[in-house]
Amino acid sequence: MTSKIGSTVLGHPRIGPHRELKRALESYWAGRSGEADLREVARRLREDTWRGLAEAGLDSVPGNTFSYYDHVLDTAVTFGAVPRRYAELGLGALDTYFAMARGTEAVPPLEMTKWFDTNYHYLVPEIGPDTRFSLTDRTAVEQFLQARELGVETRPVLVGPLTFLLLSKPSEEGFDPLDKLAELTDAYEQLLGELHRAGARWVQLDEPALAADRTPQELEALRNTYRRLGDLAERPAILTACYFGDPGDALGVLAAAPIEGVALDLVTDPSTADRVAATPGLRDKSLVAGVIDGRNIWRADLDRCMTAAATLLGSAGEVSIGTSCSLLHVPYDVEAETNLDPQVKPWLSFAAQKVREVVTLGRALREGREVVETELIEARAAVADRVRAERVRDNRVRARLDSLRPQDSRRTHYAKRREAQQKSLRLPPLPTTTIGSFPQTTDVRKARAALRAGRIDAATYRQRMRDEVERVIALQEDIGLDVLVHGEPERNDMVQYFAEQLDGFAATDNGWVQSYGSRCVRPPILFGDVRRPDPMTFEWAAHAQRLTDKPVKGMLTGPVTMLAWSFVRDDQPQADTARQVALAIRDEVRDLEAAGIRVVQVDEPALRELLPLRAEQRPAYLEWAVESFRLATSGIAEATQIHTHLCYSEFGDVIDAIVALDADVTSIEAARSRMEVLADLNEVGFDRGVGPGVYDIHSPRVPDEEEMEELLRAALKAVPADRLWVNPDCGLKTRDYPQVEPALRNMTDAAHRTRP
Ligand code: MET
């Protein structure tokens, strides 16, 4: 007889409530501490998590959720998928692992990319004909045993075999990693066997890849794999977790598979509940109803969650309460916030609060709502307060949105703009510029830290930043760039900087979320209608423009990126939120223009990040994404030149949207793809200015002028000289001056040599 699962979460943050793992990793990498120190920190973090989750009252505690860097990399290592170039380094196990994650002097790291549509990044496994899958690392088993010694029975979590291979890339062209599925399944079988012998009653296999479109062949592969795993005689019960969206036809496949449980995300797409009702094979399975949002931070409407979970009751053998996905994507604990806006704080729920919500709902489902009446009342009050709060609904913002007309997001015809801009800017062919930020020097960071700590006052801080702008302008003039920037020294982050100045956003002190490895971000919380009480960047741009006769480019973050890198409200469509942000940016663009700024760049590096996982949902997304950009950038004169910056080289699904943005100049990442993107843009009739990045700022290497000249000549084959811009492929804030200065000089020389 299979045991019940009961209330659970699908995974947990692992960086540490005070980013202990980050510190331990960075100290180990810098050689300031040894492997034993790092392992000790890791052990404590794991134990605290297990104990904390068990004490909070979860019926089933997820195990194996800790990772030194990334859980996809862990899976690769577990099953022996270590590419030869790392194995050959002859390092110990942990350092081989870090070599794959971070590279060494001798070898670059594995490629990194986004984990579905989240802001978490995983390392892309390389699988080829010579990959030999076998169970080579038994961390999952060891951690199960360690937790049990503490008295906590865990449910080990693994990336499922299908998702693992779908996320991998072939190590040689023409190879399909899925060809290795049978061999990989052997290794999973072995691991399940060992977990069973260790005493594990449940194991969780994560298959988020099922939230994206899957071919019939892939569904067939799913069927075969889960039939094989299910048919194993000696194994834990299998819970397959489908999250980040509706599993579509894959649900029927899982229902027919000989597995015991399925975890469903009922938050991302509530229609998943209907699909469950229409899938008869689930009647003998345990369903984990993912009703608590694992990736957003709002306190749940527990009554609504109960209703959603209860609708599954007739369709399953057992229904229990869970999170929609792992809690990896939310911060640890709201209670750690001491400066958070006191009205907003009770509306929030981070990992610790979400665990409690799950426990509460679990009890309500089992014992009746009466036993948790107090919790339900409290939650109701918080939810009601948020709905009623004036700061959430600002009638001025709403009235302004209602009064918008279609022409508010249309500019004059491009040909006329182009002429007016040429007259106003008088730029040479192949104009040179940068993407906005200059290196954030130690002095700049120190000044910001001093301001925060109260060691300097705001006026002193401002003066230091103004001095830095002067230095950056002088340097650009000396190098001979054509369109200058102020360098963004005053910005801690391109989203947070704006969020701090806009109504409708709140900031946290400790709301860190892992982005990759030891890197964390602290997304602002977009809780209410967005309004710009005062100009935001105007002072800096105007200061810079007074220092030079060359045009200075104003620098703003676009609406989609503001949303993508924040926790956004869940009480209205994202399209509406984006339009509000767009209006705030629109006002800023106009103020910049009024201050004599003739070029304004609105960055949308995240345009592609919010792309829905399912193709059928993409057109609707792209429509509002494009519309909000245009709303932000259309309130100005013909002569004002709008730039945008997009931070990726694979356009595929968004290429038409790039045309539709209607920007005058678009800079894109292209150095690594050797300008191929230009041909793609031509194909869809793109006829605007384009700045394919000619140097890869992600590497400390200083490219020489021949190399950049060659790239420019390649670009000129696709783009006429009067449309081509010359720039690096991203902002320079993470680099140092000793790299940036020669690189920009070489870039400018290369442009001069290439000019007709
Ligand atoms: N203007 C920004 C910068 O230069 C754009 C960054 S896109 C990730 O830093």
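Cβ atoms are placed via backbone N, Cα and C, with glycine included.
TrEMBL names ARG19, GLU20, LEU21, LYS22, LYS114, ASN119, ARG519, CYS520, TRP565 as 5-methyltetrahydropteroyltri-L-glutamate ligands; from the candidate set GLU470, GLU477, GLU609, the record adds GLU609 to that same site. Binding of Zn(2+) 1 is attributed by TrEMBL to HIS645, CYS647, CYS730, and the same site annotation extends, among GLU627, GLU669, GLU709, GLU710, to GLU669. Annotated L-methionine-binding residues in TrEMBL are ILE435, GLY436, SER437, ASP603, and among GLU488, GLU490, GLU650 the one listed with them is GLU488. A separation of roughly 27 Å, to the nearest angstrom, links the Cα atoms of ARG19 (5-methyltetrahydropteroyltri-L-glutamate binding site) and GLU488 (L-methionine binding site). Secondary structure at GLU669 (Zn(2+) binding site), taken from DSSP and collapsed to helix, strand or coil, is coil. The local packing around ARG19 (5-methyltetrahydropteroyltri-L-glutamate binding site), expressed as other Cβ atoms within 10 Å of its Cβ over all shown chains, amounts to 17. Apart from ILE435, GLY436, SER437, GLU488, ASP603, the residues listed for L-methionine, the same chain places the Cβ atoms of THR434, VAL485, MET494, MET555, GLN601, HIS645, GLY731, LEU732, LYS733 within 8 Å of the centroid of those Cβ atoms. Ranked by CA distance from ASP603 (L-methionine binding site), the recorded positions LYS114, HIS645, GLU669, HIS698 have HIS645 at the top as the closest. With DSSP classes pooled into helix, strand and coil, the tally for the compositional bias 'Basic and acidic residues' (404-421) is 12 helix, 0 strand, 6 coil. With a CB cut-off of under 6 A applied against ligand 1, the recorded positions ILE435, GLY436, SER437, ASP603, CYS647, HIS698 are reduced to ILE435, GLY436, SER437, ASP603, CYS647.
Annotation note: ILE435 (L-methionine binding site) sits in a coil segment as assigned by DSSP. For the pair TRP565 (5-methyltetrahydropteroyltri-L-glutamate binding site) and CYS647 (Zn(2+) binding site), the C-alpha distance works out to 14 angstrom.
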